[in-house]
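J.: My structure is below; once you've seen it, I'll send some questions.
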Amino acid sequence: MIRLRFYSAYAWGGPLIVAGLAAFLDHLPETPGQTFLRPRFGEKQCWFYGDMEILAYFFGPIGILLAINLLFFAATAHELTCGLWKGEFVKSTTESCSRESRRADLYTKAARRSWARSSRSDMRRNYDNSMMQARGAQLMLLPLHLPALVRLAQRRQRRLDSWAALGKVCLKLVIVMGVPWIFDVLSWMAGGPDFLWYVTDLCNAAQGVLIFLVVGCQPQVRAALKRLWSRNPRANSNRQGNGLSTTSHGMPSMGDSFTQNPSTKSAPLETIC
């Protein structure tokens, strides 16, 4: 909730400050020695007066925000491709190798100490027996560590899949929100016939719909909406005492938990946005 408030304050407060400053400067009385650039709305057209006014109050802030967004996207893409994935696999491989290496060193040192204490005639036999015992101990400990290693690998894979899905959403948002505005700035700089830029203007006008399609049509969101719409309030109220929520077909919903079994825990729905 705190993050949502911060995002809302930034998304609504930033444009409000720019628009309020432009309106305030536009209504100031014009003096001969003024040093600031007034927007001069409506004097020449139903827009800014000229190119300098448009650059100062519209395309200038948009260009700065686009550059910052591209830098953030490049940093995110680098973290996903070269930081997170590589770090996870290299870290897991390095940790497993280091653990096995330390364990092997311990067994080898123990075998060497036992070998050094024995007589010269029994050196080779004791060394072979010690190494066989060390290998046998490793094989006996392997089934104990295998379930934990499997759970760790599954958890790491789920984390990587979640970050990969987040990267795809970020890429779609950059295409939907960034590319049309970049072409809008280029159209102002390059000029030319207006009909050449109708597609980008249409994308900017339909940006809210496109963002909804990118963010709202995710599998997690569809599953949550399907689970919400398929619930039967009457059936839920009748079976509330049993601790089991049902759908309209009388079957347990996927996101609910069976409170009759204390060992079963409900897994919250993970979102990527």
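Backbone N, Cα and C atoms are what each Cβ position is placed from, and that goes for glycine too.
Pulled from TrEMBL, these are the listed features:
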{"type": "TRANSMEM", "residues": "7-25", "note": "transmembrane segment"}
{"type": "TRANSMEM", "residues": "54-76", "note": "transmembrane segment"}
{"type": "TRANSMEM", "residues": "163-183", "note": "transmembrane segment"}
{"type": "TRANSMEM", "residues": "195-217", "note": "transmembrane segment"}
{"type": "COMPBIAS", "residues": "233-266", "note": "compositional bias 'Polar residues'"}
{"type": "REGION", "residues": "233-273", "note": "region 'Disordered'"}
J.: Which sequence positions outside the transmembrane segment (7-25), separated from its termini by at least 6 residues, show Cβ-Cβ distances below 8 Å to it?
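T.: Answer is 36-39, 41, 57, 61.
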J.: Report, as numbers and ranges, which residues of the same chain sit near the transmembrane segment (195-217): CB under 8 Å and 6 or more residues beyond its ends.
T.: 169, 172-173, 176-177, 179-181, 183-184, 187, 273
